[in-house]
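**Student:** One structure, pasted below without further comment.
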Ligand SMILES: Nc1ncnc2c1ncn2[C@@H]1O[C@H](COP(=O)(O)OP(=O)(O)OP(=O)(O)O)[C@@H](O)[C@H]1O
């Protein structure tokens, strides 16, 4: 029997590269921290807090900076007896209306057993319950709503909460909203009255450039990775790849962590650029697979049609041939088919997602046409298709045909 054995030749504290790690220092965000502190200053002074709206792409430090500053704020206001600060944080990702956010907040604030159900109340009744809970806490309350864009256009809470004192719904409690979002469109789509209050102070977090990412990686690597276990140029390479793609510190840290795991699994004593390259390609692959899982039924059927053609060694292949295959699959799965034009749009989307690649062919007088093929390994495409409704048999047949054609 193989045995487990502890490996620590690369990592000293791998958790320090993970998502839940809260860094003790924040690199490269001095300007944003200054503005953020300025926006939070009324809390220390004992006044009503500002509402603050933070936006920027994913992985650019919005949450890290918020957590860091709010910890600092809590510590610093403890010097002032007349400030009683509470911070309540909620991720709104799965909550797509004011009603749901308000219910979730009420339940967070109530002791266990006193929760309310998530349906069945008039919205104003839930808001009233929320005000009652906030009054109970009293003092200064900062409500941090991460991924606030999930609330969509049902944003009444964002209108009402900042006006709750003026409307006599709150008396003791002074509430400030901190909204965080990586959806740039969300701010502009807000009702102008909501925009005015929620975005009282706006902070934009730009993507990091390569030298900034390298510094962030450096400070994290010194905690996470054994001395001398990183070859020269590795951090620069991770930083350059992430800067070129997204400017996200999360992506840079993920690359370094996975490169470290690959080095460790290969029993190496140091991470090299080859390990980073291997990590990059694996992360890319995972990203594509995730994209495939999120496809709509017709997106999947269009993809499955290309997969089926690939199994028969008939790709690259034209839209009209893919469409024929798609119609057969729709029939087998009892799904109403879309017109060829719509399937063409799905194929373009799949191309944008990096799942298909397309070549433009010139066909003389009859104009140009595209031919498509898989841009991901056949096996990952089939695996992602596995849970397509009622098509188990067809997928099995596609696998068999692929094996016959040495395409698996
Ligand atoms: N300036 C920084 N210094 C140190 N670590 C950072 C910095 N910026 C980001 N990080 C780290 O990068 C990772 C992603 O950052 P964070 O979660 O704050 O991003 P975000 O902007 O909130 O992204 P999302 O919108 O996806 O939630 C975290 O592990 C965080 O600790």
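Backbone N, Cα and C define each Cβ position, glycine as well.
TrEMBL: automatically predicted annotations, no manual curation.
Below are the features I grabbed from TrEMBL:
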- 48-203: domain 'AAA+ ATPase' (DOMAIN)
- 60, 61, 62, 63, 64, 208, 220: ATP binding site (BINDING)
- 303-385: domain 'Cdc6 C-terminal' (DOMAIN)
**Student:** Using DSSP, would you call residue 60 (ATP binding site) helix, strand or coil?
**Tutor:** coil
**Student:** Can you count the other CB atoms that lie within 10 A of the CB of residue 208 (ATP binding site)?
**Tutor:** 27
**Student:** Ten-angstrom check, please: count other Cβ atoms within 10 Å of the Cβ of residue 60 (ATP binding site), all chains counted.
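**Tutor:** Cβ-Cβ neighbours of residue 60 (ATP binding site) within 10 Å number 25.
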**Student:** Other than its own, how many Cβ atoms are within 10 Å of the Cβ belonging to residue 62 (ATP binding site)?
**Tutor:** 23
**Student:** Under DSSP, is residue 220 (ATP binding site) part of a helix or a strand, or is it coil?
**Tutor:** helix
**Student:** I want to verify one value. Collapsing DSSP to three states, which class is residue 208 (ATP binding site)?
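**Tutor:** SS state of residue 208 (ATP binding site) = coil.
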**Student:** Is any of 63, 64, 208 (binding-site residues) within Cβ reach of ligand 1, i.e. under 6 A, and which?
**Tutor:** 63, 64
**Student:** Looking only at the domain 'Cdc6 C-terminal' (303-385), how are its residues distributed among DSSP helix, strand and coil?
**Tutor:** 47 helix, 16 strand, 20 coil
**Student:** How many other Cβ atoms sit within 10 Å of the Cβ of residue 220 (ATP binding site)?
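**Tutor:** Around the Cβ of residue 220 (ATP binding site), 23 other Cβ atoms lie within 10 Å.
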